[in-house]
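A short worksheet on the structure shown next.
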Amino acid sequence: MRVLRACLSLCVLVVSDSKGSHELHQESGASNCGCLNGGKCVSYKYFSNIQRCSCPKKFQGEHCEIDTSQTCFEGNGHSYRGKANTNTGGRPCLPWNSATVLLNTYHAHRPDALQLGLGKHNYCRNPDNQRRPWCYVQVGLKQLVQECMVPNCSGGESHRPAYDGKNPFSTPEKVEFQCGQKALRPRFKIVGGKSTTIENQPWFAAIYRRHRGGSVTYVCGGSLISPCWVVSATHCFINYQQKEDYIVYLGRQTLHSSTHGEMKFEVEKLILHEDYSADSLAHHNDIALLKIRTDKGQCAQPSRSIQTICLPPVNGDAHFGASCEIVGFGKEDPSDYLYPEQLKMTVVKLVSHRECQQPHYYGSEVTTKMLCAADPQWKTDSCQGDSGGPLVCSTQGRLTLTGIVSWGRECAMKDKPGVYTRVSRFLTWIHTHVGGENGLAH
């Protein structure tokens, strides 16, 4: 385990009891213990090869990483190191070092476990910047990610208060879809592909494919445009067109583990654009629709982490040079073997058609049914795995689905911006298949 160097170089601690005294010496190589919060690395006089941390008052744990004085959490609780260890229903948390938890993304054996507060205990933590501290809880044969019974230090929130219209953890009696609305303000600045929370992109849909052996793999992103409909890219499904093969998650921000409040859907209809085509690089008419239902026949239910995105007005796209958000589980480099575990977001700027059709860009490959967008510094971009996901821009004062991640050469390559399906050119197609049902909003 990677350790933090937080010990002094030399000191002597003498501990006495009624039977005599035992000398404990701080080692000159004290950093080997990885003591935190003022803890001192000591060894027994006659067993110098046995080292441990001697913790100051209020701190416990192998590395003095547990703060017994913390009875509430600040912010989203990422720095919480207290001893709460039950979910909001009182179920005990599983130890982070238990054999079953080790199969999950966050556990005590990660190289960065100490920095994340994970260790040989079952205390609530928030290693992935979710809404509040959480833990794994055993429910039947399943391990579930559950929010914890620990209050916010602000004092305005227990684990489930009455709804006041402002508290992000409260539960209103009735929530309605309001397209383009999210709990967090738009972040129209370059963020370098940083991890984000699903509340920042609550319309994002994660699409997976089932395999014959029972395994499930991530395929593409999508966007919720009405309670029952997700829009994505046809090229994601062109090789496997059986709707029964696909699963859609809303409200999910981690690739292989559940997120509190997420919803799982089967695909009732899979509609690929009839004029889709692809050449050596470009994808044409690259748009698809998925009608979704839960196993109980329900469409999506609105929440802080599940919301629809507005469709753009006809011929009313954001102006070239505008900043837009992209989000997904895409690889940082096309040569990467694995997709990142955490949902990521970055910001790009729309590139004019005239510029994108220059020979050193893409030339005639780019049509008027496409949009180009890029980071001006060519440092961030959509990449493999982001396909089908949203390009969200502010249009006429509201957030709209301006584009769908479609194609491009490499990722963040100079003079090779990402190319997106131009949604405003497919509004008639969308309405033809969706009809007047299900609350499509512009």
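Using N, Cα and C of the backbone, Cβ positions are placed for all residues, glycine too.
Feature annotations, reproduced from Swiss-Prot:
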| type | residues | note |
| --- | --- | --- |
| DISULFID | Cys33-Cys41 | disulfide bond |
| DISULFID | Cys35-Cys53 | disulfide bond |
| REGION | 36-59 | region 'Binds urokinase plasminogen activator surface receptor' |
| DISULFID | Cys55-Cys64 | disulfide bond |
| DISULFID | Cys72-Cys153 | disulfide bond |
| DISULFID | Cys93-Cys135 | disulfide bond |
| DISULFID | Cys124-Cys148 | disulfide bond |
| CARBOHYD | Asn152 | N-linked glycosylation site |
| DOMAIN | 190-435 | domain 'Peptidase S1' |
| DISULFID | Cys220-Cys236 | disulfide bond |
| DISULFID | Cys228-Cys299 | disulfide bond |
| ACT_SITE | His235 | active site, charge relay system |
| ACT_SITE | Asp286 | active site, charge relay system |
| DISULFID | Cys324-Cys393 | disulfide bond |
| DISULFID | Cys356-Cys372 | disulfide bond |
| DISULFID | Cys383-Cys411 | disulfide bond |
| ACT_SITE | Ser387 | active site, charge relay system |
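Shown here: features listed in Swiss-Prot, placed on the structure.
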residue: Cys35; record: disulfide bond; Cβ neighbours (10 Å): 31
residue: Cys64; record: disulfide bond; Cβ neighbours (10 Å): 24
residue: Asn152; record: N-linked glycosylation site; Cβ neighbours (10 Å): 20
residue: Cys153; record: disulfide bond; Cβ neighbours (10 Å): 15
residue: Cys220; record: disulfide bond; Cβ neighbours (10 Å): 26
residue: Cys236; record: disulfide bond; Cβ neighbours (10 Å): 25
residue: Asp286; record: active site, charge relay system; Cβ neighbours (10 Å): 29
residue: Cys324; record: disulfide bond; Cβ neighbours (10 Å): 25
residue: Cys356; record: disulfide bond; Cβ neighbours (10 Å): 23
residue: Ser387; record: active site, charge relay system; Cβ neighbours (10 Å): 25
Which of Cys33, Cys53, Cys72, Cys148, Cys299, all disulfide-bonded residues, has a Cβ with the fewest other Cβ atoms inside 10 Å: Cys72
Candidate nearest Cys124 (disulfide bond) in space, where candidates are the active-site residues His235, Asp286, Ser387 and distance is Cα-Cα: Ser387
Secondary structure of Cys33 (disulfide bond) (DSSP, helix/strand/coil): helix
Rounded Cα-Cα span from Ser387 (active site, charge relay system) to Cys148 (disulfide bond), Å: 34
Nearest recorded site to Cys64 (disulfide bond) by CA-CA distance, among active-site residues His235, Asp286, Ser387: Ser387
Those recorded positions, out of Cys41, Cys72, Cys236, Cys324, Ser387, that come within 10 angstroms of the residue listed as 'N-linked glycosylation site' at the Cα: Cys72
Sparsest-packed of the listed disulfide-bonded residues (Cys41, Cys55, Cys93, Cys124, Cys393) - C-beta count within 10 angstroms: Cys55
